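Noted in TrEMBL for the protein shown:
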{"type": "TRANSMEM", "residues": "A:7-28", "note": "transmembrane segment"}
{"type": "TRANSMEM", "residues": "A:58-79", "note": "transmembrane segment"}
{"type": "TRANSMEM", "residues": "A:85-102", "note": "transmembrane segment"}
{"type": "TRANSMEM", "residues": "A:109-128", "note": "transmembrane segment"}
{"type": "TRANSMEM", "residues": "A:134-155", "note": "transmembrane segment"}
{"type": "TRANSMEM", "residues": "A:188-206", "note": "transmembrane segment"}
{"type": "TRANSMEM", "residues": "A:236-259", "note": "transmembrane segment"}
{"type": "TRANSMEM", "residues": "A:271-296", "note": "transmembrane segment"}
{"type": "TRANSMEM", "residues": "A:316-338", "note": "transmembrane segment"}
Amino acid sequence: MSNRVVSLLVPVISIILGLLVGAIVMLFSGYDPVNGYIALWNGIFGDSYAIGETIRQISPYILAGLAVAFAFRTGLFNIGVEGQLMVGWFAAVYVGAAFELPMIIHLPITLLAAALAGAIWGLVPGILKATLRVHEVIVTIMMNYVALHVVNALIKTVSGGSYKTEKIQPTASLRSDFLSNLTDYSTLHYGIFVALAMVIVMWFILEKTKTGFELKSVGFNENASQYAGMNVKKNIVLSMVISGAFAGLAGAMEGLGTFGSMTSQGGFTGIGFDGIAVALLGANTPLGVIFGASLFGSLKYGANNMPNAANIPLEIVSIVVALIIFFVASGYIIRVGLQRLNKKKEAK
Amino acid sequence: MEYVIEMLNITKKFGEFRANDNITLQLKKGEIHALLGENGAGKTTLMNVLFGLYQPEEGEIRVNGKKVNISNPNVANDLGIGMVHQHFMLVENLTITENIILGSEPKKMGVVNIKDAAKKVAEISKLYGLNVDPYAKIEDISVGMQQRVEILKTLYRGANILIFDEPTASLTPQEIQELIAIMKKLITEGKSIILITHKLQEIMDVSDRVTVIRKGQGIGTVVTSETNPEELATLMVGRQVTFKTEKGPANPTDEVLSVQDLVVTDNRGIERVKGLNLSIRRGEIVGLAGIDGNGQTELIEAIAGLRKVKGGKITINSKDITGKSPREITQSGLGHIPQDRHKHGLVLNFSVGYNAALQEYYHEPYSKNGIMNYKVISEKANKIIEEYDVRTQGEWELSRALSGGNQQKLIIGREVSRDPDLLIAALPTRGLDVGAIEFIHKRLIEQRDNGKAVFLISFELDEVMNVSDRIAVIHDGQIVDTVIPSETNEQELGLLMAGHAIKGKDALKEGVDRDVK
């Protein structure tokens with residue numbers, strides 16, 4: 001087996017193993033795994049509506065994954081995607097509702113506002129890390145809580161005491177009749193194109209620009225970067241700002257695409273935290289993030305169909321989904337196993 | 001003749017590449033056997049074969065006359081083979097005893113028995129004169145002491161055959177002397193030693209026999225007392241090597257670097273450079289001689305803008321660069337081969353090509369309007385690789401994968417190719433073999449002959465004496481004297497380095513008397 005075959009086999013075997021163990025769990029809990037998986041499949045790919053909703057679910061995961069991956073590639077660990085996403089969501093909805101402008105101006109400004117809000121939320125831990133060496137993990141986690149409560153308070157303020165903001169103007173919406181009609185009236189919106197464009201942006205910044213060269217250099221070795229004349233502090237802050245901007249756009253997906261408003265949040269959305277797993281599944285590369293986000297988004301959306309179509313309780317469904325992701329993440333074990341098998345064959 | 005280890009006609013291949021090609025090494029009981037070869041000649045590969053980390057394709061290994069199959073390091077341990085690695089494998093915040101027993105902890109009713117282990121460590125330490133405190137923490141002891149812990153580790157596990165992989169690379173001259181004494185003591189206690197090194201003087205000092213390998217091939221084994229450093233160097237490199245660096249007289253002209261009353265503190269705020277004055281002119285190499293820790297590091301870092309200046313003034317080409325950023329200083333004409341190549345010199349996780357552009361990536365043609373031009377960068381990298389003989393699989397390879405010597409050649413290539421007016425070379429030949437050292441010295445002299453100023457910092461007196469046109473001696477943060485190499489000797493330099501600032505024969509004698517007292 002060549003290395004190439006191994007690389008292709010690993011994800012396939014991982015997913016099969018995950019499904020198998022998931023099946024055992026369902027079996028022991030007294031549910032029919034075959035029905036369960038048919039329901040999962042139909043929930044993801046069953047009809048054009050399901051496909052539309054699945055893609056809609058993938059968009060924010062891509063952006064959250066990019067946010068984590070970008071920080072990681074430049075030497076930082078951004079656990080604050082969740083908070084940056086929430087402030088981005090609010091900023092998008094606020095700007096989307098408060099102004100009346102032609103779409104060609106309104107929509108870009110709204111997206112920019114979301115990115116800017118996320119960037120500012122990333123700026124704080126960035127500055128603290130660069131100047132006082134406070135570890136970014138601690139600050140970003142705390143900033144998540146600050147975001148949750150600040151955003152809830154702001155929703156109350158701008159809505160005059162209500163639990164929900166106004167609907168955004170149609171000129172700021174990512175909703176698309178065309179995409180919606182195409183997928184049997186699903187809520188699929190243009191956000192997926194924004195997300196894919198950002199995948200290219202991340203690749204471009206890291207692999208093509210001078211800024212990317214400096215960011216990576218500082219992430220790997222601050223001393224050598226200082227020796228080479230780079231401004232280490234500036235690059236640490238910039239890394240968090242760009243990462244936060246991606247996260248803010250993930251919030252815009254929810255605000256401008258899926259919901260069109262923001263409701264007071266009882267807790268975290270989870271997208272930001274899942275973004276960590278998405279990035280790691282994708283080995284922190286832009287293309288890999290698309291793969292990780294697709295897996296997460298599909299399972300998350302498709303699993304909704306399992307309680308309805310196969311009568312499997314949500315708790316069991318969560319376990320099954322977690323198992324599949326676990327086995328994909330532990331692809332390393334399978335890779336080692338395959339290589340052992342290879343060696344034995346060669347020895348014979 | 002009794003051999004404890006015989007490696008007969010060993011061949012180890014990586015793909016098509018023969019890292020070891022038909023090498024034979026026979027170790028007698030009670031001898032120090034040196035294994036000599038250039039950087040990347042295959043010394044470490046051969047020892048990894050012996051230690052069970054690699055399996056050879058051809059050849060056989062015999063221990064005490066019996067053929068053995070060393071399939072992993074545990075087998076090597078059981079056969080009494082121990083390895084003292086070049087890069088120490090110690091846990092910083094554990095004690096010496098804890099490090100030594102790590103992986104084979106003696107237990108008493110399920111609890112680790114530190115007390116007995118410490119007693120045993122102390123006994124072995126006393127037997128071989130290692131003088132270690134079993135309860136000291138690794139982070140609190142010197143590099144030389146850490147190496148002794150590595151030696152102890154092998155002895156504790158019952159090794160009779162010790163492999164030393166370039167043991168003197170990170171030691172001070174004093175520590176090297178102590179290590180040599182320890183090795184001799186080990187021999188008198190019945191151990192046998194294989195010493196991997198490319199330092200010829202060391203081999204002449206301690207070894208009984210030498211096996212030379214060149215580009216993976218076994219060249220042969222000679223008896224140390226019947227050879228000399230010149231012959232060994234020729235065997236190792238495959239051509240005549242000049243030890244005395246060839247160079248014409250210097251023609252110094254205008255001043256390039258001027259340091260006036262410089263005061264620099266270290267990280268803890270203690271003054272390390274205390275009102276230092278120094279001047280370097282175009283067309284000369286000034287060597288800085290001194291014992292490690294007398295302010296050399298702080299002086300270089302201050303000139304390069306990597307450390308804050310507390311007082312005084314530094315100018316390059318009459319331009320005041322005191323307190324300027326590293327970028328501005330580089331642009332004023334400084335090239336800097338840093339002391340610590342892993343900390344400052346390279347981004348190890350960057351490719352060779354990226355590192356080749358590390359100082360110039362920000363301007364044309366390497367980047368334009370914020371967009372990198374990696375095509376130009378790889379062209380430049382390939383030029384450096386070729387011109388400076390950097391042995392790598394290609395400019396895309398991670399710098400981490402290069403051997404230390406080749407990493408150093410990459411840095412030197414990058415800095416010299418920028419043709420700076422002032423080139424600071426801090427320990428430029430540390431860890432390199434004679435061939436590479438000769439090459440680097442030639443490059444430094446070439447820079448000088450092209451009318452550039454070169455500032456050479458080295459702990460090796462030989463190097464300072466051979467290459468410099470003037471030698472500034474640093475002691476306790478000040479230049480105590482400046483001497484001409486042809487008018488001085490190692491003894492005088494040694495005294496100056498120790499802080500005896502008075503020159504002349506009487507002073508020399510007086511200094512010796514003082515030291516004796």
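Note: Cβ is positioned from N, Cα and C throughout, glycine not excepted.
With respect to Cβ pairs under 8 Å, the transmembrane segment (A:236-259) is most closely packed against A:109-128, considering the stretches A:109-128, A:188-206, A:271-296.
When each of the listed stretches A:85-102, A:109-128, A:188-206, A:271-296, A:316-338 is scored by C-beta pairs under 8 angstroms to the transmembrane segment (A:58-79), A:271-296 comes out highest. When the stretches A:7-28, A:85-102, A:188-206, A:271-296, A:316-338 are ranked by Cβ pairs under 8 Å to the transmembrane segment (A:134-155), first place goes to A:85-102. Most Cβ pairs within less than 8 Å of the transmembrane segment (A:7-28), among stretches A:188-206, A:271-296, A:316-338, belong to A:316-338. When Cβ-Cβ distances below 8 Å are used as the criterion, the transmembrane segment (A:271-296) is approached by residues 58, 60-69, 72-73, 79-85, 144, 195-196, 199-200, 202-203, 206, 247, 250, 254, 324-325, 328-329 of the same chain, each at least six residues removed from its ends. Same-chain residues lying 6+ beyond the ends of the transmembrane segment (A:316-338) with a Cβ under 8 Å from its Cβ atoms: 1, 6, 9-11, 13-15, 17-19, 21-22, 25-26, 29, 31, 36, 40, 277, 280-281, 295-296, 299-300, 303, 306-307.
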